[in-house]
Amino acid sequence: FFLSFSFSRQTTFQDGGEEVEDGAVYNVTLKKVQIQQAANKGARWLGGEGDQLPPEHTVRQYETSKIRAIKAGTLEKLVENLLTAFGDADFSYISIFLATYRAFASPRAVLELLLDRFGNLETSSHGEVANLNSLESEMVLRVEIASVLRAWLDQCSEDFREPPDYMCLLKLLDYLKNNMPNTDMESRVQKLLKQFQNQEVEAVDGFCSTSSSDLVDGEELEISNPEEFSSFQDHVVAEQLTYMDVMLFRRVVPYHCLGSIWSQRDKKENKNLAPTVRATITQFNAVTKCVISTILGTRELKIQQRAKIIEKWIHIAHECRILKNFSSLRAIISALQSNSIYRLKTTWMCVSKDILLMYEELSEIFSDHDNYLTSRELLMKEATSKFANLDSSEKENQKKSQKRLQLQKNKGVMQGTVPYLGTFLTDLIMLDTALQDYVEGGLINFEKRRREFEVIAQIKLLQSSCNSYCLVPDQKFIQWFRRQRHLTEEESYKLSREAEAAADTNVLSPKSQKSMVKRISTLFLGTDVFTPPKEQPPKSSPVGGSSGESTDSASVSSCEFNHSETEDVCVTPVSSPEDPLKKVQLRPLHAGSDSNKGSDSSKGSISDPSSGSDSGSIPTRDLGLVPSSAPKVLPVYNRQSGGSCIIRVSMDGLHASVYKSILITNQDRIPDVTQRALLKHNLEPDAVEDYELVQVISEDKELVFPRDANVFYGMNSHVNFDFILRKKA
């Protein structure tokens, strides 16, 4: 009889430990593939069932291969690894390196190493080239260099935009003329150089600028006319906001979002840093302020008219949800949750029940529960889907949603997904705070870059999905949107009190940790309400949480980074060792201190995620080396775990939303943390003795630490991990 064989493959991975070379450390994984050989004809003659041989007649073969992934190394080794990564079966290395190398090197430094040291066939020390005179070896090196350069041009061509000299592109072109003449690569670089030279510098914030220079001659900034705003259909407004968001999000350069880069933009010399991220933030703030100005800008509006405008914005938010535009959706929700809008008790009572329920469902998308798990899961679920996945617990809203969605499907046009960028900025800043840039021996910690790339890859995926949108600009709406004069926080608060002065002392405060929307629902249904403390006028800070003159220094939404103001505290107390703190005293806050941490004005502010971290440099005090296998659970804000946590430190006298995130361990004492906080705030680290660090317990209490106290064990873990750095009297 005849036997014909089939093969089934089973793959297992085994940790192979580490390999250490001069200037590099590698993680080794053993990939073991079992090939089970079985007969499908004649197997029954040997007593097999069906087409399978009995176990004693099964032939098993094993193939074992080694996968090396660089964990840490010098810059030279990391660049050299670009040429050997495929041989080591580390297939994603080139993409990870290109997406993150700007955190530790410049394009010129990488290009010089790649071309001068490893790309020079006469002097190259590249290990795979055993015989430099061998034509085969030269061809191998040429192919490797070409593949790296091709990937660089494909994925990060903006790295070569260096007007007016374009030194890197000229250097690359010179190399190609000498080593790869008359190739497609040379032609491509020439075209790119010509394109850059002929292009005018594009204003990435062209759609969201509100400066008078962007207006047509004779036009001035104005407060919205309610009738003009009402003339725009809800879906048209949502489509135009999505159009502007898509144009800006597609331009975002992913490495601009890296925590070590984005957190540095407050320094004077970095005022033009990360312009693509600043543009999306400016647009977010513009949408939020537009919502507020349309509701409060006209004093003559009656309560019912103002309620109709709120309803219209809720409908627009719902249309944004159908278009999968989570950026403008969150901007609208943040505006409606701002202090000046939220306090309009009588107005909210005039909003219909169905629309309030719709608002509640939209707000729940951005619930801060479990690190914003709902919005994260929804974003990833819809990242590559053709249309939105709409679910509603209210039947009428469900019918409307499905009807609008069906209209979209009937057009036969797929949709992309515009994310709320603050989520990614948060993750990248926390990664930058929790993981060190360098490990033992001064080697660059590339494991940190792999973790960052997991976030960067999501941004790139969503940018790619945005190509599916087919939206046409409506110049009438865009001009209207640009003309809107944005109210400062003081102005909006004043107008809000004028609109409903009678309810000034008995309004619900967003400071409460429960869902604001649910409380509005209880208002409508007539249940009992509580009377909070008397409202305080907001501090001199705009809706954006920054100075009124500069909206781009603000960022996206306090709901993400300043969630200490809105979230329920959920931490596990850690038992302290014996006598960890000499003495702790509680005292009232000074009049000049920042006591607005939990103020209701912060609920809807558009604060700065980037302020959450500023860890572009290595702290002066070493926190310990990154272990061979990084912990899967990183230190987080508001929770002590594994002997570490992240705290937020703001400077006394500044707005509460302007803070820096700092990693502390159970070994850190007051001088160490104070010095690190000073560095983060760009102050002299030697002035430690001139400052004191206190933890904000409540609006009228704070925790003062003795000079040598252990911060980790001495802090109150039952309240938000918010600290103030104050100059001693």
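Placement of Cβ uses the backbone N, Cα and C atoms for every residue, glycine included.
All TrEMBL annotations are machine predictions without curation.
For 66-197, the entry in TrEMBL reads domain 'N-terminal Ras-GEF'. The domain 'N-terminal Ras-GEF' (66-197): residue composition by secondary structure is 84 helix, 8 strand, 40 coil, according to DSSP.
Regional average pLDDT for the domain 'Ras-GEF' (233-502) in the model is 87. Marked as domain 'Ras-GEF' by TrEMBL: 233-502.
The region 'Disordered' annotation in TrEMBL covers 492-511 (among others).
The region 'Disordered' annotation in TrEMBL covers 528-626 (among others).
The compositional bias 'Low complexity' feature in TrEMBL is assigned to 541-550 (among others).
The annotation compositional bias 'Polar residues' is assigned in TrEMBL to 551-561.
Here TrEMBL flags 592-619 (among others) as compositional bias 'Low complexity'.
What TrEMBL lists as domain 'Ras-associating' is 643-729.
Helix, strand and coil residue tallies for the domain 'Ras-associating' (643-729), in that order: 21 helix, 32 strand, 34 coil [DSSP].
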